[in-house]
């Protein structure tokens, strides 16, 4: 009887801890979604941001925002034990997997764009043409969808007929009932990460060589591009570190349930949320043209409201004076 009571109290405490931590995450996710949304709005409002560099940045903002939202919904669903249909969970996890690959692949494309702009300035306009930009976006989404779609097809095929109408608490683990599928995903993602890291590394080296041989007036912009590539590399490493978090979760779960919860939330903040904070830093704050436009639209609403209030107060005073007259 006492053991049952203690177990019930322990489960209640764990459930309460999960909900409290998930509420903390909501505040951070809400702030980041607002900032990213404001940046996307700024991009859409200004025609000057229609070149390849800013288009890729806007895609990064969209993908990161969508990924944060999907990951956050998964976190809330796990904390509050919300059940959904298993096929809906498969689709949900497939979209989230696609976004999680699309984000670093877009970062690699942004590094390549900086390489072309700095090392091949005479060919930058032709390579970064609108047609090539659209083709590049299609390639990014095509490459990003290969692994998730394969996993979805295999998971759907191996799901027993009696489980097709079941309801589950949605997480990535639901899709990996077949052991070899999880191993294949881990191997393919690690291979993709190595390829992307090699591309970013070679881009960095070539830009660094160009920076040393650049003239005095070009050195500043070249070194700025170099710092941008470094930040993208940091984003890539932090983002892809999520590949090892499942193994950390398994190890901590064997030690203590509370340690598992704390480590899981720390991993979520460090490898899911923090890398998505770097995109606004890289472009939103460091790029003067975008920063000025962002600042204008961030405070424009306040100024507009003040103007409307002044106009309304003048109208009311005028109406009162006419009535008295």
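Note that Cβ sites are derived from N, Cα and C of the backbone, with glycine treated the same way.
Looking up the ranges 165-185, 228-248 in Swiss-Prot, the one annotated as transmembrane segment turns out to be 228-248. Topological domains recorded in Swiss-Prot put residue 90 on the other membrane side from residue 212. Looking up the ranges 268-285, 286-303 in Swiss-Prot, the one annotated as transmembrane segment turns out to be 268-285.
There are 24 other Cβ atoms within 10 Å of the Cβ belonging to residue 170 (disulfide bond). Taking Cβ pairs closer than 8 Å, the topological domain 'Cytoplasmic' (113-135) reaches residues 51-53, 55-56, 203, 206-207, 210-211, 221-222, 225, 228-229 in its own chain, all 6 or more past its ends.
Counted within 10 Å of its Cβ, the other Cβ atoms near residue 89 (disulfide bond) come to 23, all protein chains included. Count of Cβ pairs under 8 Å against the transmembrane segment (228-248): among 23-43, 191-211, 268-285, the largest is for 268-285.
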